[in-house]
């Protein structure tokens, strides 16, 4: 085989001119979405092919693969060009989003080809989050389907304002105008409240190329633009440059004592040297002394640029805070309402603690109220106790520390967040903030003169929470009861919170679903915290089956105060003891959601104390706990008096 | 006055944001430095992201011992010039077993010297995040990968279960032993890379430019005879031809193209009219269908 040198353009001038033209092109990021088999990947293959993005070797590989896995008979199966994972090609479906790049003489494009299956909705959302336009494909034979609606709703919530309604496979309905008009009317009716600026319906056949880049003679009744023509001309927003200045601080750059710069990407607006800025969370102000960049200081920087700002005064700023325009500040709050898309197989549980992350900030957060779930078919509001995977809802969120934000509708960068599971670290949800809740602004911490230290000193003790967790019948209450007697006998001030007892009062409105169990523990943890504030030694005897809530309880307490006691009795032994006759009933199916039977128990991984009850007396186990407390108090006394250091 | 960022300015800003996100969230990041043009761009962006400070992480080169000699010389020269902390790791087990591309084929060689070598280095230093220069336009399994790409404790990628990646909010949380591979150039195309090298005047290995070089035609590729470890087969001859490389790796696995492009403009001009994709010059992608995905699942970049 002889290698033929590639033909080259006339170097220098011609290339430089070409590159200069490239630099002036605008960029449109869009996604293709819609139901399974509506032809998303085929459309992208067609776009790439028509815009000459497919190289000879890729085409050869494609022809090879088409014979092996293709679903289009003798024709080249363009879907195989984007379905890059082996599992995808074997199953003939798209699992995850693929990003593809192409350009026309007018514009550059990044397209996200997203999966249609409901179970992969989170990957569709991933593709949509960075897109300005969505091509919603509809199979002309099928019309508007459930996934068409779900994807449109998610696109709308994620801030996409332009839709192309691609009525695909029009060849299979004989290029019929009536079918097209009916689908368009149905979609427009459904999308009326979704807030799209433009909906452009185009009849097409991605497989044969009709109305993709070339006008179709077979669709002579259609007078509108081809898909490419529309993509080249739809307006793309650079509106963020006109909005108020927002600079989420990402990284404090401090190479030496003489330089302290705040590095970040300008989320919106612009900044010039000398401008006044305000630190969002503290309200302190300063002026911009320098806008540092590698090529030299800048006079001005605009939205989208990654710069380093140096201020003229030493103000307290760290990652997660925001530098903002003094006369147009963001909201700072620890409670707000938001739209939430749920991604995880484990349902969203109100009351459970998650990690909330904005572009640069992070805080513990709980959903305090699930206001309603959105019905995918008609955008209607439905009551719900939890959000299952791929569901969308409106929630109130409370964070442990305040965050700075704007409404998502006003600012896509500073109004978005994700939720992360504390145990698995999975990204479980994506949120779009609507507004701060009034109550957060009006309720401030009262400062009190008698504090926790004063209260516990009066009792001559350090507060603590013994958190007994274990199966029903494992011995939690028996041990806790004897421990309390022993502590009381030595003059200690205690309180025992018992699961059953609390359910008669404070938590009488709660049942035994996962959502209610989470709320049950959250309330008890808050009560225990108040009691430690009163200086008490608190004994909590609750099954508390989930790690996430026990961790929430741990994080509520001060360091060294939380003692997780795992009362470790095997299921068989608990069921044998069955002091209240509950196991027998649960095993007969008479009690639902019984821990260890049809509701899970997640054993602690690193408890402070693990009590294996078999073969031990209650007295022995209580001694272990009492010794632990004595050791802790001894260590603290030494530390406070400076001993041992 | 309204200003708008150019295409390259937008790409640059996105990459810088990614670099800073890693520096702010991980305790022990590292940049994988492969000495190629994408690595050169990556290095340049890292310098920009932390200016006036130096990048707060070391650069790691996993040396398969079969890289072009000019690459090694360039690597050492750049480390000295920019003053970054360069770590070089070689899989000594592979060296002891004399694993090489000629006797063992590209698959075994790449697996042992590159993939296993990389895993060894990551474990040895305990890095929790590693930057790589991969781009989504290179190959179709890469087109599917997140910018922050999660790896389990054995460095494996699970393509069917990637974390959602929303907006520019990256989930950087991992458990002990797990890590994240980070790809700041995800949204760059090959053209963007060349254009940026031209605009910023970024130094690259001279092998990218056309020059008379001693090459052997083997299995439909032009292989540069870089040292005496390459033994000629009976019917092979070494010829001096005017060639250059579109991509750089281990010399026995990297095909040259005949070209007279000896300036950046000429390279870009040639690329604009090219009819084959960049990775075709690499033997490793052709070994079997889905081979890149397979390597990535095993821990390759």
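In case you wondered, yes, glycine gets a Cβ from its N, Cα and C as well.
In TrEMBL this protein carries:
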- A:544: active site, phosphoserine intermediate (ACT_SITE)
- A:34-41, A:113-117, A:168-171: GTP binding site (BINDING)
- A:470, A:471, A:472, A:473, A:474, A:475, A:476, A:477: ATP binding site (BINDING)
- A:25-240: domain 'Tr-type G' (DOMAIN)
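In this structure, the CA atom of residue A:473 (ATP binding site) is 53 Å away from the CA atom of residue A:37 (GTP binding site). Secondary structure from DSSP puts residue A:170 (GTP binding site) in a helix. All protein chains considered, the CB of residue A:472 (ATP binding site) has 24 other CB atoms within 10 Å.
The secondary structure of residue A:37 (GTP binding site), as reduced to three states from DSSP, is coil rather than helix or strand.
The ATP site is defined by A:470, A:471, A:472, A:473, A:474, A:475, A:476, A:477, and by the 8 Å test on Cβ atoms against their centroid, the other residues of the chain that qualify are A:468, A:543, A:567, A:569, A:574. Cα of residue A:34 (GTP binding site) to Cα of residue A:476 (ATP binding site): a span of 53 Å. Using Cα positions, the member of the recorded positions A:470, A:472, A:474, A:475, A:544 nearest to residue A:114 (GTP binding site) is identified as A:544. Spatial neighbours are here defined as Cα atoms within 10 angstroms of one another, and by that definition residue A:470 (ATP binding site) has no neighbours among the binding-site residues A:40, A:117, A:170. Each of the binding-site residues A:114, A:477 was scored by other CB atoms within 10 A of its CB, and the lowest score goes to A:477. For residue A:475 (ATP binding site), the nearest neighbour among the binding-site residues A:40, A:117, A:170, judged by Cα separation, is A:117. Using CA atoms as reference points, the binding-site residues A:37, A:117, A:170 were checked against residue A:476 (ATP binding site), and the closest is A:117. Ranked by CA distance from residue A:170 (GTP binding site), the recorded positions A:471, A:472, A:474, A:477, A:544 have A:544 at the top as the closest. For the pair residue A:472 (ATP binding site) and residue A:117 (GTP binding site), the Cα-Cα distance reads 41 Å. Comparing C-alpha positions, residue A:40 (GTP binding site) sits nearest to A:544 among the recorded positions A:471, A:477, A:544.
A gap of 36 Å separates the Cα atoms of residue A:117 (GTP binding site) and residue A:544 (active site, phosphoserine intermediate). When the C-alpha distances from residue A:37 (GTP binding site) to the recorded positions A:471, A:477, A:544 are tabulated, the minimum falls on A:544. Of the listed binding-site residues, namely A:170, A:471, the sparsest Cβ surroundings within 10 Å are found at A:471. Residue pair residue A:474 (ATP binding site) / residue A:544 (active site, phosphoserine intermediate) shows a Cα separation of 13 Å.
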